[in-house]
């Protein structure tokens with residue numbers, strides 16, 4: 001991506017002298033002059049946690065009557081698309097959840113986001129074809145263990161693991177038949193766990209699921225048109241510029257029906273439900289001319305508004321209707337009413353920011369989600385800017401914490417200051433040949449610095465911009481199966497030794513996060529290799 005220059009390693013000790021207007025319940029948090037940056041600088045009741053997803057951590061794919069998911073089949077059918085890795089064992093969270101909850105306790109976290117695997121509950125996708133009692137009990141045991149340790153569960157109903165039987169029967173989310181089946185499954189989880197779980201997410205990253213799986217084909221089920229750059233030659237079927245919109249339309253309708261069921265669930269009273277969105281923040285490229293000042297907001301409509309606009313206002317953003325035309329499905333008036341205000345909070349998975357440039361000449365004969373947005377955000381433009389050239393050699397993405405604050409302020413202003421939870425935020429790295437070196441892997445200076453800067457940016461959004469953020473979940477508790485990267489990308493606070501019994505090892509970032517969540521008394525000198533201290 002951008003050109004990266006190594007600078008001498010710098011020490012960082014965070015000192016916080018924070019002032020500002022007082023927020024009623026957050027008076028101490030936003031007026032503290034304590035030099036130590038700790039959780040006390042955040043509002044009372046703010047949840048700090050970590051996050052995982054069932055397919056990425058559980059393993060045990062053939063235990064407890066679990067059925068196959070779309071990703072099980074994808075990793076076996078196209079092993080080259082996932083670095084020849086699969087999640088049959090993953091990090092064995094299915095068997096080790098109790099010891100992993102002890103790690104959460106060591107971190108001083110009070111929240112944990114995890115997903116329920118649809119085929120572990122309904123092995124064949126529908127209740128009439130059988131319920132796995134072992135699967136149902138597993139999640140009861142997990143939730144009970146979390147609660148016994150004072151950890152609040154945040155449950156994702158669907159994190160990309162469509163039951164393969166539904167894929168085979170009617171194409172999964174390509175068919176509107178999925179709406180009824182998903183709603184049945186979601187309602188089952190609400191009725192089963194709703195008295196214990198009060199924070200729910202229907203869908204994780206519907207934008208990524210739709211675009212990556214059905215428009216560029218680099219995630220399951222790997223569908224795209226042959227003309228898609230980089231991935232087209234690897235796609236065996238699909239129709240870019242069409243299928244992603246159908247899939248997302250069905251997800252939105254399934255979300256609306258599931259939320260309706262949730263709000264009618266007696267056990268679920270007092271609970272909240274939403275979607276975990278995954279927008280980057282976008283800055284206008286310096287090559288953008290003045291007549292095109294809207295590439296940033298236009299692209300945010302396509303990446304965030306695609307799903308947030310309907311669940312707030314009942315319909316797609318006007319920019320999407322204008323650019324996509326007849327290929328964008330339409331909602332009926334009844335569907336619009338059901339979608340409107342169908343989220344109690346907005347989940348945000350934030351990792352990075354990107355530059356956006358108006359795309360003058362998309363080819364109408366080769367439609368795709370990106371060409372429809374009329375915005376080019378190719379990484380090649382990054383080297384023209386110093387501000388975003390913050391990417392150590394091992395990092396998976398550019399790092400820009402200011403983008404988080406900008407994004408949150410945008411959501412506040414455009415969507416009526418909703419409650420927001422940071423449902424994922426994390427730093428991934430590929431250590432290459434040094435991946436098995438504990439000395440290198442555990443000294444994760446960059447991740448520690450990343451967390452610090454993003455928490456500072458989050459604090460500014462809450463205290464200076466008055467954004468209503470109520471929780472932060474770091475991705476991830478531990479290294480795990482990272483989709484097309486397999487096990488090469490590491491995002492965890494704990495290192496998982498894949499060659500030695502999946503042993504967990506505490507990283508420097510885990511030590512810092514634990515201290516931050518305790519009292520911040522332990523000072524760390526953090527080394528970093530970012531070109532500018534603008535994160």
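Note: Cβ is positioned from N, Cα and C throughout, glycine not excepted.
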Candidate ranges 528-531, 532-535 [criterion: Swiss-Prot lists as motif 'Prevents secretion from ER']: 532-535
Separation of alpha carbons, residue 475 (beta-D-glucoside binding site) and residue 424 (active site, nucleophile) (Å): 5
CB contacts for residue 351 (beta-D-glucoside binding site) [other CB atoms within 10 A, all chains]: 23
Number of Cβ atoms other than its own within 10 Å, given for residue 224 (disulfide bond): 29
Sequence-distant neighbours of residue 483 (beta-D-glucoside binding site) in its chain (C-beta under 8 A, six or more apart): 56, 82, 219
Cβ-Cβ distance under 8 Å to residue 204 (beta-D-glucoside binding site), same chain, at least six residues away: 53, 115, 156, 158, 159, 160, 276, 349
Alpha-carbon spacing, residue 187 (N-linked glycosylation site) to residue 475 (beta-D-glucoside binding site), which is rounded to whole Å: 27
